[in-house]
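A.B. asks: Sharing a structure, written as structure tokens. Questions coming.
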Amino acid sequence: MSASATPTRRRDFALLTYVLAAIMLGATLPTPMYDLYGQQLHFSVLTTTVIFAVYAGGVLGALLLFGRWSDVVGRRPMLLAAALLAIGSSVVFLAADSVTALLVGRVLSGLSVGIATGTATAAILESAPPRWRTRAAAVATLANLGALGLGPMVAGALIQFAPAPLHTAFVVHIVLMTIAVPAIAMTGETAERGGRLSIQRLSLPPQTRSVFAVAATAAFAGFAVNAMFTSVAPTFVTTLMGVQSHAVAGVVAGLTVLTAGVVQPAAVRVAPSRAIAIGSAVLIVAMVMLLAAVKFSSLWGLVVAAIVAGMGQGLSFGRGLAAVAERTPPDRRAEVSSSYFLVAYIALSLPIVAMGAAARSWGLQAAGEVFAIVIGVLALICFVAIVIQERRDRSGSST
């Protein structure tokens with residue numbers, strides 16, 4: 001590599017990391033605003049969960065339809081499309097005066113994130129300077145999860161302290177994305193373009209299925225908790241805890257995802273199967289804390305539950321994917337990874353809509369308690385299954 005190539009790679013690496021973070025930040029900006037939208041447009045917690053869930057539909061659609069397109073047309077065109085969709089989402093939210101507009105804004109945001117997640121991560125890995133190559137995946141993960149966690153915190157602070165509470169955050173995001181567009185144009189193309197456009201296949205080789213079932217269930221449980229904290233938790237803060245601070249609600253909403261990002265450097269040092277077991281055990285503890293926090297309307301209990309849940313989810317999700325990859329032939333890993341993400345993103349929609357329906361029928365407190373119990377049971381099943389699986393593997397290798 002020439003001496004001039006290294007500064008260029010450093011610049012591209014930094015710019016691409018910024019682009020990913022800016023796009024992901026926009027995905028969670030609306031979180032602390034749902035309460036205000038609900039008051040203004042007169043909708044319930046169920047509608048809030050549906051608005052959140054359509055975002056997951058956008059992500060899934062993008063992953064399945066466009067997941068492999070950047071290998072064919074290049075990283076830069078797909079990143080530019082993701083950036084324009086992110087800008088479109090914030091513009092729609094700026095003008096939103098109906099539930100329909102909120103739904104459209106969330107779908108656009110989901111499509112943007114679905115395109116950017118795989119494309120930007122691949123571009124960051126490919127553009128990493130030699131010294132950063134081993135840390136590039138961690139940088140991409142931190143940019144992704146860190147920005148998702150910071151989104152509600154930034155929006156909550158702007159709602160609390162800046163003018164135009166339903167608009168300022170989106171103006172800030174449009175400015176950030178306006179910087180991201182020329183940043184994308186400045187970067188070099190990293191993909192070896194070729195092949196033809198196709199829809200991402202989903203399949204599981206026989207040798208992968210047992211570990212996939214456990215890892216994907218753990219991912220489902222963790223992402224369901226993420227969905228709850230980034231959609232309904234602000235309503236817990238204002239309604240159950242009686243804390244009328246959007247800044248506080250934003251902090252609580254972002255803690256789980258932010259913590260999941262922070263634990264990634266430590267998580268990679270743990271063996272994949274063990275990380276799933278530890279993550280599941282930690283998630284069980286978090287759900288006990290969540291149950292108590294909701295039952296006794298404890299803000300500090302909710303804060304601690306959010307942090308502990310983030311630790312559990314952060315441990316089990318990334319290492320769960322690694323555990324699945326270990327059992328998957330190299331030529332099938334893209335399909336299996338897509339299947340894994342499919343399960344995870346379904347958890348951002350179905351459980352949270354079910355929780356919204358439960359809140360309408362039984363009340364928000366009861367719905368929160370049932371959610372904590374169900375996710376705790378799922379995490380317990382994962383923990384027991386991985387322990388049994390490890391014992392079988394050990395007994396098989398000793399005979």
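Glycine residues also receive a Cβ, built from the backbone N, Cα and C atoms like all the rest.
Pulled the feature table from TrEMBL, pasting it below:
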- 1-394: domain 'Major facilitator superfamily (MFS) profile' (DOMAIN)
- 12-29: transmembrane segment (TRANSMEM)
- 41-66: transmembrane segment (TRANSMEM)
- 78-96: transmembrane segment (TRANSMEM)
- 102-125: transmembrane segment (TRANSMEM)
- 137-162: transmembrane segment (TRANSMEM)
- 168-188: transmembrane segment (TRANSMEM)
- 209-229: transmembrane segment (TRANSMEM)
- 241-263: transmembrane segment (TRANSMEM)
- 275-293: transmembrane segment (TRANSMEM)
- 299-318: transmembrane segment (TRANSMEM)
- 339-358: transmembrane segment (TRANSMEM)
- 370-388: transmembrane segment (TRANSMEM)
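Could you place these features in context, so I can see how deep they sit and what lies close by?
C.D. replies: Same-chain neighbours of the transmembrane segment (12-29): 55, 79, 82-83, 86, 89-90, 93, 109-110, 112-113, 116, 120-121, 123-124, 127-129, 132, 136, 139-140, 143-152, 154-155, 169-170, 173, 176-177, 179-180, 183-184, 186-188, 190, 230, 253-254, 257, counting only residues six or more beyond its ends whose CB sits under 8 Å from a CB of the stretch.
Same-chain residues lying 6 or more positions outside the transmembrane segment (241-263) and placing a CB less than 8 Å from one of its CB atoms are 28, 31-33, 35-36, 141-142, 144-146, 148-157, 159-161, 165, 222, 225-226, 229-230, 233-234, 297-299, 302-303, 306-307, 309-311, 313-315, 317.
Through the fold, the transmembrane segment (275-293) approaches residues 214-215, 218, 221-222, 225, 267, 299-302, 304-305, 308-309, 311-320, 322-323, 368-369, 371-373, 375-376, 379-380, 382-383, 386-387, 390 of its own chain, all at least 6 residues removed from its boundaries and within a Cβ separation under 8 Å.
Beyond the transmembrane segment (339-358), the same-chain residues lying 6 or more positions past its ends with a Cβ under 8 Å from any Cβ of the stretch are 44-50, 52-57, 59-60, 63-64, 202-204, 212, 215-217, 219-224, 226-228, 231-232, 317, 320-321, 324, 366-368, 370-371, 374-375.
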A.B. asks: Quick one: do the transmembrane segment (209-229) and the transmembrane segment (370-388) reach 3+ CB pairs under 8 Å, ignoring pairs fewer than 6 apart in sequence?
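C.D. replies: Contact criterion met.
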A.B. asks: Taking contact to mean three or more C-beta pairs under 8 angstroms, with sequence separation of 6 or more, is the transmembrane segment (41-66) in contact with the transmembrane segment (137-162)?
C.D. replies: no
